[in-house]
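Worksheet: the structure to be examined is printed underneath.
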């Protein structure tokens, strides 16, 4: 006997009524508003029960079988969010996912109530999955099946998109539809940013006592490693970026000696690499390293650092998800442009209470694709002139989009991320 994938809304209502999943609950007597726990998987206080609703949907929908499939929390979470976002009867009312004490999201039904979505028949068939049907959603499926909707682009379509990038003007346009260009024919070009085989390009700038002494652009599998001028371990991953000997640029011998001492403690170096939507860092030597997000011209030295790069494990230093959300808000005029420049202070504490130029070794790392995205947003909102932007990642091509299309592609990119 065949099985049918349960409908997300009747299934979710059933879970809410049962009240067995931690933090998943109705918020009003009319059963129109409910909350879902939304803790990030990388938080140190994350527990298995924080993600029970995502795993439950993965099991019910047949995407995950315990004991057979490998657990994949980001995919479970992304699929659950995408399933809810596709339902017009539901909307995100409040987003508290970044609340440090109780991260959650509040959804509400915009129809007359949950009576429009009867609970499923939760009897199990031989496979152990739910067998259910829903008249309301079945009618929607029939309506959609009669429309000419292109399927998602596969590998062949993606190849075509890379060989023939869209040539559209980057300008505000009332005539342009607010959707990614020809998504049925070619993949959203911005999704290259998350591709496992596409490496970001980084511009590395080194300062000794506030003086720029070095700049290099790096694009390499495995990311990069900031290493001292002495010989380093070539067996480690990441392209080594060798910081120059201070004697070539500093006239003060005493300062040069101190800088050289910092470089000698770098050991295997400071590793920086991308995995999915995150940039990760780890120090492989004895030299302590502090980091913070700042402007391209100067670090945010008037405040505390965002953190210290860990030695015994990797630490996240940048999340593309909030950056894209802030970029959309910037395009809409509701906030300033998001920051994307990483500053690292090596061998000394972060310059919180004094000028950053007093520090011996400061390194600035700019992900060039993020600079391109911000430049694209600025140009699209400030000018009607055509502009072509290179994302500065491997296998990328010059990209041109209208302002509306660009914003829609950014929103589409957010759907593929884990929050």
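Cβ coordinates come from backbone N, Cα and C, glycine included.
Pulled from Swiss-Prot, these are the features on record:
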- 5-111: DNA-binding region (DNA_BIND)
- 191: ISG15 cross-link (CROSSLNK)
- 358: ISG15 cross-link (CROSSLNK)
- 364: ISG15 cross-link (CROSSLNK)
- 265-287: disulfide bond (DISULFID)
- 3: phosphothreonine (MOD_RES)
- 14: phosphoserine (MOD_RES)
- 75: phosphothreonine (MOD_RES)
- 97: phosphoserine (MOD_RES)
- 235: phosphothreonine (MOD_RES)
- 251: phosphothreonine (MOD_RES)
- 364: N6-acetyllysine (MOD_RES)
- 383: phosphoserine (MOD_RES)
- 384: diphosphoserine (MOD_RES)
- 384: phosphoserine (MOD_RES)
- 394: phosphoserine (MOD_RES)
- 396: phosphoserine (MOD_RES)
- 118-137: region 'Disordered' (REGION)
- 198-358: region 'Interaction with HERC5' (REGION)
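Recorded features from Swiss-Prot, shown on the structure.
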residue	record	Cβ contacts under 8 Å, 6 or more apart
75	phosphothreonine	58, 63
191	ISG15 cross-link	412, 413, 416
235	phosphothreonine	none
251	phosphothreonine	none
265	disulfide bond	228, 285, 286, 287, 347
358	ISG15 cross-link	209, 210, 351
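DSSP assigns residue 358 (ISG15 cross-link) to a helix in the three-state reduction. Assigned with DSSP, the residues of the DNA-binding region (5-111) fall into helix, strand and coil as follows: 37 helix, 20 strand, 50 coil. It is 97, among the recorded positions 14, 97, 287, whose Cβ has the fewest other Cβ atoms within 10 Å in the structure shown. Using a 10 Å radius centred on the Cβ of residue 364 (ISG15 cross-link) and all shown protein chains, the other Cβ atoms total 21.
Per-residue pLDDT, averaged along the region 'Interaction with HERC5' (198-358), amounts to 90 for this model.
Candidates 14, 364, 394 (recorded positions) were compared with residue 97 (phosphoserine); none lies inside 10 Å Cα-Cα. The two recorded residues, residue 364 (ISG15 cross-link) and residue 394 (phosphoserine), have Cα atoms 21 Å apart.
Distance between Cα atoms for residue 394 (phosphoserine) and residue 14 (phosphoserine): 46 Å, as a whole number. In the three-state DSSP scheme, residue 191 (ISG15 cross-link) is classed as helix. In the three-state DSSP scheme, residue 235 (phosphothreonine) is classed as coil. Under the three-state DSSP scheme, residue 364 (ISG15 cross-link) falls in the strand class. Summarising the environment of residue 394 (phosphoserine), the number of other Cβ atoms within 10 Å of its Cβ, over all protein chains shown, is 15.
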